[in-house]
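One structure is given here, and the rest of the page talks about it.
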Amino acid sequence: MMEYKVTVATGTSEYSGTNNYIYVTLVGERGESERTVLDNPGLDFRRGAVDDYTVKSSADLGPLILVRLEKQKYWVEDNWFCRYVKVSVPGQRCSYTFPCYRWLVGDKVVVELLELSLKKLAIKFGKSWNDLDDFKRIFWKLRSPIAEYTMNHWKEDWFFGYQFLNGSNPRMITKCKELPSNFPVTGDMVQSSLIPTTTLKEELKEGNIFLVDYAIMDGIPANVIRDRIQHIASPLCLLYEHPEKGLIPIAIQLGQKPDKDTPIFLPSDPPLAWLLAKMWVRHSEFQVFQLLSHLLRTHLVVEVICVSTLRQLPAVHPIYKLLTPHLRYTLEINCRGRTQLLSMDGIFKKVVSTGGDGLLILAQREYKVLTYRSLQPKFDFLDRGVTKLKDYFYRDHSMMLWNVIQNFVSGIVSLYYKSDSEVEQDSELQAWIHDVAVEGFVDVPHFGLASELKTKEELITLLSVAIFTSTAQHAATNNGQFDWCAWVPNTPCTMRHPPPTDKDAVTMGMIMDTLPDISQSCVEMAITWHLGRAQPDPAALRVIDKFRKELKELEEQIIAQNEGLELQYLYLCPSRVENSITI
């Protein structure tokens with residue numbers, strides 16, 4: 001019997017303590033502890049308290065991976081703020097600190113991962129999982145229904161294809177009008193994946209064949225993690241819009257140069273070979289969506305707008321007022337990202353295959369091909385030839401949001417600019433666009449944004465791009481990170497062996513040695529949860545919602561009191577009361 005010392009720290013602010021039941025389960029590399037209620041003589045979990053408990057396990061759990069906290073109501077509902085949980089291992093000097101710093105509201109289950117600083121990550125670095133089911137030891141399925149669904153369906157071809165449409169990187173897929181010369185797929189190779197009455201040539205002509213090409217990854221230097229080189233591929237993936245099965249992969253090549261060591265993988269190949277080929281594609285997805293689709297094409301693009309707005313537009317300018325709610329915190333989070341994620345001692349350098357020099361080179365390549373046109377959803381979908389692709393919810397919802405945003409922007413701009421000439425004559429606005437185009441995107445050779453604004457329409461489009469990118473586009477690439485990456489084999493952050501060259505030689509042992517090791521898997525889950533979680537304070541939002549509800553009820557009372565009156569008193573209707581003194 002093992003006895004672990006568990007220290008639980010309650011928040012220091014008012015009402016942080018609780019009288020509810022608190023349970024804890026320790027999860028280690030070798031198993032789980034008993035689900036233990038934390039109960040000492042006297043009052044537990046008082047404001048500012050740091051309480052010690054004993055949690056028993058019938059066997060050694062091995063290196064600890066996570067802590068599962070559960071709160072259940074006792075008589076009345078009572079929220080609790082947990083600062084952290086610290087676990088000491090019997091007979092060892094090492095301890096594990098699991099930061100929490102959050103409210104547990106209602107009957108709540110919370111799982112905390114190891115510190116992102118990794119300073120106390122005591123897991124054996126470089127140790128592989130034994131089999132795919134072992135990933136369940138760190139899998140946090142209670143938090144995300146989509147992540148749980150991913151765990152259950154990630155091997156299926158239709159689900160693999162679906163993620164190109166509605167996953168965390170839905171902007172890569174393009175219609176394939178003719179096969180690239182460096183991707184020598186023949187009709188015979190893929191015939192078994194097509195409906196029997198058609199051919200590859202016919203389906204290409206009908207517009208039912210699609211391509212995802214990771215040529216941008218070719219030649220990117222791989223990261224070295226703890227003296228071990230990681231590996232990178234630059235796949236090409238051919239997909240077919242099957243009338244019954246949906247979008248399915250029909251051929252994968254894991255490099256840009258076909259030869260005997262770069263075979264074309266097919267669904268008819270040995271199952272483990274086909275599965276590993278799909279994993280390599282998903283590994284490239286992790287690199288591209290994190291560094292290019294998410295970081296560069298949202299965070300860094302909006303940073304340009306943000307800096308120029310702060311430098312060139314006074315706070316009283318209507319365009320400043322329009323933009324500033326959508327630029328809030330952008331510079332702060334980007335600075336934190338540079339120091340904590342992307343730096344030479346950041347998280348990406350520790351666990352991601354493109355960490356270090358690789359991510360800089362990858363970003364530089366994307367900058368060279370980045371265009372203003374591609375940031376406008378209508379043109380993006382047109383240029384990629386995906387306007388008719390079925391079940392492409394990202395496209396449909398993006399266009400609906402774009403239209404609403406554009407209508408809103410058009411209405412605001414039309415209030416302050418009655419004609420194109422007024423746009424041209426606004427010196428502050430012209431200084432702003434010059435700063436954006438000439439200073440902000442100076443190293444983007446084909447961006448295609450003019451350094452002056454001549455019409456209202458040009459202004460409306462640019463403002464719509466800025467707002468759409470900082471809201472809808474960022475949400476599309478950021479908010480699903482945990483959903484698609486929590487089950488690590490579905491979207492690995494790194495690969496520890498090179499791509500396979502022999503289809504028949506792929507074994508489960510090879511797959512497990514290629515996928516992220518135990519420590520890398522833990523950190524992948526941690527960073528995708530932290531980066532993808534919603535940021536607003538739910539407690540504050542509840543207060544705001546209550547305030548709005550009370551104002552609405554008050555408005556209804558005032559209107560009711562005024563019904564039938566010849567002289568109505570409506571000055572204090574909440575809808576007529578401004579937020580501040582403005583005149």
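Placement of Cβ uses the backbone N, Cα and C atoms for every residue, glycine included.
Caution: TrEMBL annotation is automatic and unverified by curators.
What you are looking at is a predicted structure, and each value in this text was computed from that prediction instead of being measured.
Taken from TrEMBL, the feature domain 'PLAT' applies to 2-118. Taken from TrEMBL, the feature Ca(2+) 1 binding site applies to Gly17, Asp78. Summarising the annotation, TrEMBL assigns Ca(2+) 2 binding site to Asp39, Asn40. For Trp103, the entry in TrEMBL reads site 'Essential for stabilizing binding to COTL1'. Marked as domain 'Lipoxygenase' by TrEMBL: 113-583. The Fe cation binding site annotation in TrEMBL covers His294, His299, His474, Ile583.
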Stretch-averaged pLDDT - the domain 'PLAT' (2-118): 82
Under 8 Å by Cβ from Asn40 (Ca(2+) 2 binding site), counting only residues of that chain that are 6 or more apart: Asp51, Asp52, Tyr53
Long-range Cβ environment of Asp39 (Ca(2+) 2 binding site), under 8 Å and at least 6 residues apart: Tyr53
For Gly17 (Ca(2+) 1 binding site), nearby residues of its own chain (Cβ under 8 Å, 6 or more apart in sequence): Thr10, Gly11, Phe45, Arg46, Arg47, Ala49, Trp80
For the domain 'PLAT' (2-118), the number of residues DSSP places in helix, strand and coil: 0 helix, 65 strand, 52 coil
All-chain count of other Cβ atoms within 10 Å of His474 (Fe cation binding site): 20
Neighbourhood of His299 (Fe cation binding site), C-beta criterion under 8 angstroms, separation at least six: Thr330, Ile333, Asn334, Gly337, His474
Residue with minimal Cβ packing [other Cβ atoms within 10 Å] among the recorded positions Asp78, Trp103: Asp78
Cβ neighbour count within 10 Å of His294 (Fe cation binding site): 22
